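Input: a single structure, listed below in structure tokens.
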């Protein structure tokens, strides 16, 4: 297997006349944590949705382990080992915490279409699900419904569920968005803990998190790659500073 | 995922603690006992044909609830399956001389096939568009029923023979007919209960709760929705076929869009997404229609008022509100 787990070649997506992502080349190293950052409107979310197949590119190619996945559906790439998280915390609110994780494991049993069988057979997966919950520190909450968890814990549940699929590649969409400092620390620590044996791509606003976790950073601006490299390099890049500061200043003005 | 924030507060007191789950199980047991007890003694207390009508609509609503309550799909065309199956079952019994159970099976299979056709088209869209497509396709079925030579048009399909169950039980005997219908209802209801509590039902609930997340976990959401749609249509067809056998006719009312509206009302009133809600809702609506039949079309006004009250005052429906009062998650 090559060192490159995921590759985007000349990826372009336009909505009507607006080009959100413009000829982006991206190579994700196997086993690394790769962050995609950029000011608002840089095309991060579009890029993310392209990589996870939630939208189809206008042109360009996406390769996962050297296989062309450009025309695959989200469920298909999930079965290949590419699993995404969502910006809004994506749990099944009225199912229990245990059931949430079990849904990720259930596919392995091959009984998901068996409407004539009792779901008691899913209890075989409980131990495995509990192990996942322990990994993210949620074992004590297994019988609660997901909706009853505080926000930070919902995120942890989402990560536990994603881990249940044993993904080779995890794509995290702003994992710390909307969190207080305490939760940000916990989730950052959690991601660091579960990275063993997998590759993680994340879109993230919080530069502290990126600095701590990411091996490689790709900076997007106006739908194009502005810079790429480790944090120490990228953060000193004058183009990046300009793009970030310039837009941030505008934003601040708007906010005021 | 629509309004999780508002729901956090509402559900705060409901927890999945074990003692709480035991309570849930006890109350479910109480409802099962009450239901089966009712099925056994109802013909001694009420007019059997009335109870059979209750049961047919209760099964219809429970089948509909499988979609709206447990998959999150609002079909506005379920009358097509209920009414369509009634006509096919009636035709099979009357013209082809099928025995009763085979006639009912024919109607049910037809509804399943129709459900597959309608579902395949409708699941490509979501929300209100899904509802509108099901309505449009159901209207096509309605006009077929109106125009086809075998349906009797405005008169409906009349004089369907009840025949002999398994060749020796005369269904013209009211009690024999009653217990046959009670058994069909119970089997249909148990099938629905099992579907809800199956690995498949677990995925359906995941789709209802958060469709993109279910998709990202690798579930082929469309196939799950389609199978749920076909199952729901088939069970609605079972209810419609049984009704045709009981009343010995299939009428345009069964396939009319108002019937699709009525089943939505029954389910919402009883409590969508609950196990027993649709049964309670159907009992309430059908009973109201009977009791108030003397006031003519004012019945519609009363039922409309009830619906408004339900939406404004107890949105979870009768059983849903009861479950909340008893602090249990599923009833």
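Including glycine, each Cβ sits where the backbone N, Cα and C put it.
Annotated in TrEMBL:
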{"type": "REGION", "residues": "B:1-20", "note": "region 'Disordered'"}
{"type": "TRANSMEM", "residues": "B:30-60", "note": "transmembrane segment"}
{"type": "TRANSMEM", "residues": "B:66-89", "note": "transmembrane segment"}
{"type": "TRANSMEM", "residues": "B:101-122", "note": "transmembrane segment"}
{"type": "TRANSMEM", "residues": "B:128-146", "note": "transmembrane segment"}
{"type": "TRANSMEM", "residues": "B:176-196", "note": "transmembrane segment"}
{"type": "TRANSMEM", "residues": "B:226-251", "note": "transmembrane segment"}
{"type": "TRANSMEM", "residues": "B:263-289", "note": "transmembrane segment"}
{"type": "TRANSMEM", "residues": "B:295-314", "note": "transmembrane segment"}
Quiz item: Taking a Cβ cut-off under 8 Å, which residues six or more beyond the ends of the transmembrane segment (B:226-251) line up next to it in the same chain?
Solution: 49, 52-53, 55-57, 59-60, 62-64, 66-67, 70-71, 73, 75, 78, 81-90, 93, 100, 103-112, 114-116, 118-120, 122-123, 151, 156-162, 171, 177, 181, 184-185, 188, 191-192, 195, 200, 204, 263
Exercise. For the transmembrane segment (B:128-146), name the stretch out of B:30-60, B:66-89, B:176-196 with the most CB-CB pairs under 8 Å.
Key: B:66-89
Self-check item: Chain residues outside the transmembrane segment (B:66-89) and at least six past its termini with a C-beta under 8 angstroms from it
Solution: 60, 103-104, 106-108, 110-111, 114-115, 118, 122-123, 127, 130-132, 134-139, 141-142, 145, 150-151, 157, 160, 192, 195-196, 201, 204-205, 207-209, 211, 224-225, 228-229, 231-241, 243-245, 250, 252-261, 263-264, 267, 272-274, 277-278
